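Here's what Swiss-Prot has on this protein:
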{"type": "REGION", "residues": "266-285", "note": "region 'Disordered'"}
{"type": "ZN_FING", "residues": "331-366", "note": "zinc finger"}
{"type": "BINDING", "residues": "Cys340, Cys343, Cys360, Cys364", "note": "Zn(2+) binding site"}
{"type": "REGION", "residues": "381-401", "note": "region 'Disordered'"}
{"type": "REGION", "residues": "488-510", "note": "region 'Disordered'"}
{"type": "REPEAT", "residues": "564-675", "note": "repeat 'MBT 1'"}
{"type": "REPEAT", "residues": "683-781", "note": "repeat 'MBT 2'"}
{"type": "REPEAT", "residues": "789-899", "note": "repeat 'MBT 3'"}
{"type": "REPEAT", "residues": "907-1003", "note": "repeat 'MBT 4'"}
{"type": "REGION", "residues": "1007-1063", "note": "region 'Disordered'"}
{"type": "COMPBIAS", "residues": "1019-1028", "note": "compositional bias 'Basic residues'"}
{"type": "REGION", "residues": "1083-1167", "note": "region 'Disordered'"}
{"type": "DOMAIN", "residues": "1194-1258", "note": "domain 'SAM'"}
Amino acid sequence: MNPTELHMMWMSSQYNAANNMTLEDATALLNHPTVGLLEEMSGHHHQPTLEMNPMMGLVGGDFNGHAATLSGTLPPGTLIATNSNNLYSFAHLGGLQHQLLQQSAAVAAFQNYTEVMDADGMTVGLATDPHGELMDETCDDEDQVYGHQIDDGYDDGGAGLEPKQEIINIDDFVMMNEDNNSYDGTDFMTSSDKDISQSSSSGLTHMQGGGVSLGVAGAEHDLLVPLGDGLMHHKLLGATLAPAMPLNVGNSNVFGNIMVTGADPPSSKQMKGYRNSNSSGTSSATVTTVASTAVMRAQRKTRKIEPVNRPGLVLKTPIAYKGNIDPSVIPIQKDGMAVCERCGAIGVKHTFYTKSRRFCSMACARGELYSLVLNNKMETTGATTSNNQSTSSSPLPAASGTSLDVTEDALLASDQPQSDIELDLHAAHIKNANYRFRITDQSKITQLNSFGEPMSLGGDAAAHNVQMAADETIAALNGAAVGDAAAPGGEANGSGNDTSTPNTASSGYLSAAPTPKALRLFKDVYPQDDLPQIPKYERLPAPCPQMEKVLSIRRRMYDPTHSYDWLPRLNKENFNAAPVTCFPHAPGCEVWDNLGVGMKVEVENTDCDNIEIIQPGQTPTSFWVATILEIKGYKALMSYEGFDTDSHDFWVNLCNAEVHSVGWCATRGKPLIPPRTIEHKYKDWKDFLVGRLSGARTLPSNFYNKINDSLQSRFRLGLNLECVDKDRISQVRLATVTKIVGKRLFLRYFDTDDGFWCHEDSPIIHPVGWATTVGHNLAAPQDYLERMLAGREAMIEVHEDDATIELFKMNFTFDEYFLDGKTNGFIEGMKLEAVDPLNLSSICPATVMAVLKFGYMMIRIDSYQPDESGSDWFCYHEKSPCIFPAGFCSANNISVTPPNGYDSRTFTWEVYLRNTGAVAANQHLFHRVVPEHGFETGMSLECADLMDPRLVCVATVARVVGRLLKVHFDGWTDEYDQWLDCESADIYPVGWCILVGHKLEGPPRVSYQQVAKPAPKPKVPRKKKTKKGASTTGGGAAKQQNDNTQTTQTVKPRTIALKTTPHLPKLSIKLELKPEHHNAAFYENNQPEDGDGDEEDPDPDADADLDADADGDGDGSTSHISEQSTTHSSSDQILGSGSGGGSTSAPVVTAATGSIGGNSNKMNSSATSSKYIPRLADIDASEAAHLELQPDSWNVYDVSQFLRVNDCTAYCDTFSRSKIDGKRLLQLTKDDIMPLLGMKVGPALIISDLITQLKCKVNPGRARSHKTNKSSYL
């Protein structure tokens, strides 16, 4: 196979060419040279970034790896004091060069953190000496102990462990082994560490003399202190310096981070002196920590996550692999895989951070926004850095005065407008429009004192507060409790020797309250809870899919969709519904195993004094606890708690707005009210419920969120795709998604208003570019064809509204055929058995007519006469579950439909193959893996009628043969059964229709069948009725009838119109009904017993019926009675349908003549003549010719009668007043009709289509020509 034939943009996410092909092959594939991977990797130290997978990036794949290299030469030392929330960035910027250099694996762990450049080009990174070399100071034993005290200050016990909110020690944060294939991190910290980890608001500057100076960094930020242990360890201090910040210091930088620089780091002796000047109790505090150091290091080892070592798999974090790994070897399903946009790590999407699951860790999420804003503010930060550096040359005793200078500079810097902050953040969001970090309202960023008033510190007060903050810092470092730091005078240090802080400072410090947590410059995105949790008051659960928008189905007096109600059958003992888990595509299938009998829920209480009339948008106010007794499909039988009998048991859909998990009422402030019948049964209902609910199970708190997510379609309105042409099944046609109901799509063809319904997982829809890729016939606009043909030489130009391959479900991957070199084992001329796509109730011998690419092939059903044009071919994939080896039917006792010219009683494959000289396809070519689907004979379900796919009907599993199901439509003969695969997207659990808001067609009534027995028409052989499979829908009223017009008997069977679908209600003349009568019961109770119908006066409400739903999309749940008059019926045509037409009915003939129906002659002809006035939905062309249909001889009254018998009674008078006779009627166009009807588009389209049908009945050749013109393709 020539690789250049597969330049498809929509295939890019399916394979990883870079890891399976040589560079020469990649060059041939992409038609241009690619990046040399080995050359780039060998020279990676010369580049800050490297594209690890350039070919995938060129093709458009999702897996991009990035690597960052460590700078070999570092400029003089520069240090950044950063927020503890940004600790991943701090790990790179804070000076831990020894860990990074000694452990080579850490380079990959921190590859996403490149050097941050300031305005002058100076690199901000690891601390260095003035000569640009890494600093490696030594220290004495005491200094080393002091450093380890901070690093390993863990408690021996593990009882106080709790999830980390802010990580403090970098040693505890990440440890990489030498094999670079595992990750060591500390997932918990003790409560004492957490106290120290509270964010603060101070920064630290290094001074040339080795001294240190405290600088104000901003609210909720931390102080970076060198440990002086020779390893360049640093420590972030706790929330003890927060009160020392002036009012608006934080405004000088977006995140309050102060950029400070220094010459030489403080020596260990100076650090020791600095500690001793503040406290004499250091030794005891530090020595006690030495013993726990080794113990806690051992404990951290026991908490290490041990990954499974596989060849070629290298972990980046505990939940993600490195980005330069071939995704095909990673043991993660493609639909559950995600790639970190920050570092390129690949992992499970559910474990990623942010709502859109775009980062592998919170560090990547925070670091991205941090770096974006920091780069924008670098110029301002550089100015602040130089100011801080100029003020950091005085020795340690002048710390107070120096701090005051820094404070004044910071105050001056904070005078910039607040709009600068908003502008910077806004610019960051513009550059990364997909980032969804929440920014706190700037108006709330105001520091308050203990009295709730804005703080205004300045002059000496600020100096005293800074000095007090310094004392508190030293106290915290020496082991003093954070709470003790607030004590006056020497008590804060524990020894009483400190006299540097006067009482005024203490009092000033006590008057300032710490900055509230809410006063942060931004908030992080909350990670999703891994396990279902009971919702808390401050975070209510998301509403269920129909929450507060759906009427109570148990008390609904009027159902606008007139759907079939399962309730009468649910109460039968022998009723068996297929479980929801049998339908992989059904909403909630993945969480349905969590539900079970005995589970407690809160449901609406309908047994109360005042039954509420719930309107859309309202929620019931009365609820009570109930127990699930039985589950059938989406329906559940429940009993209120407190009833001892089943007298008040009720059925309810588990996925509607009435059912909630226990505790939902408490979160909404709704009381639990016991049913009125038993309200006096117990004195204390609270104790009763406590006893019943103790140890009971309830719905997961995220149950409705899961249901809602599974209801979301992958498609959107306006997308273009390629789908089977229902008028010519051997070609695909460009169509547009115009409606979506429960993941079912209504596709409208590009050149007509016609279309059909199908599920988004259906195999008859394909992505843009599919036809030109596999070699299938395509009907599309000229510009589309040119774009697709151009894509065969280069990549397809993808438009915004193109449906790409990731939206479609397939049971194979293109990798198998392109990368692995797999070929199609089928060859032309092979014989097999297949489900007839035009008659799903039969399995027939078939012939492979053409072999396409990627496993597709065109087959022809041998039961029909051959069509030289090939219009009867149909495309199947070699892995399709609807094709079988020769002899499959006989081996499974299935009646096979014989080939054309053979008798079903004498047909054998041996004779057939010998007569045709063909070869049967080998059995190993078929994929007949049978999953544990769970279907059994007799199970009830809801199934789409694929002969008219806009209808979803009540059905039963009649037979199970491996993975093949024979679905029987209840109330209809076996002639209308369908053979479907167990994983077909056209079958649904009981209750699916009401869940998604789709109409459910029920079985016909016996009484209604008995009515429909006027003189029968000649029966057409079965095989001539199978054109119904051309995906005919209840589509556009204006054009569908012309597609389905019955031709004469001389036409070849494969070109006849489509057969009748059983699930459409048949209408009599009496159709002008008020909306409240539009239901099945009305028709059943008001049907004349003799089958005749009398004329009825024009009804004023008929206008509304004719106006409604004139767009012709065939949506059965929204259409009205008038649409039934526009869709037609003959012995081989589909009957019109609508919500006003009741559930179902058998075919009936209301057009009457003396030879067809004697009693109805008065309805269909003039009272003064014997002219034949037909009801077009009930005759075919041969009958019209036999009855001498002559509309050009009609008078005005005959035209009025024609409109009346064809369900347009409301406009009879209009045509009569306009003196429209037969000749004038045949000359009318849509533009002529609209002014007559008051510019009503819907009725005009309906009557225009009636006229077109009438012309076709008069001239059958015109009908064939009309249909041929509609089916033309490029």
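Cβ atoms are placed via backbone N, Cα and C, with glycine included.
Sorting each residue of the repeat 'MBT 4' (907-1003) by its DSSP state yields 19 helix, 30 strand, 48 coil. For the repeat 'MBT 2' (683-781), residue counts in helix, strand and coil come to 23 helix, 37 strand, 39 coil, using DSSP. Taking a C-beta cut-off of under 8 Å and a sequence gap of six or more, Cys360 (Zn(2+) binding site) has these contacts in its own chain: Lys316, Thr317, Ile319, Ala320, Ala338, Cys340, Arg342, Cys343, Ala345, Gly347, Phe352, Tyr353. Annotation: Cys343 carries the greatest number of neighbouring Cβ atoms among the binding-site residues Cys340, Cys343, Cys364 [cut-off 10 Å, Cβ to Cβ]. Per DSSP, the secondary structure of the domain 'SAM' (1194-1258) breaks down as 50 helix, 0 strand, 15 coil. Restricting the average to the repeat 'MBT 3' (789-899) gives a pLDDT of 89. Cys343 (Zn(2+) binding site) falls outside any helix or strand according to DSSP and counts as coil. Taken residue by residue, the repeat 'MBT 1' (564-675) breaks down under DSSP into 18 helix, 30 strand, 64 coil. For the zinc finger (331-366), the DSSP-based tally of helix, strand and coil residues reads 11 helix, 8 strand, 17 coil.
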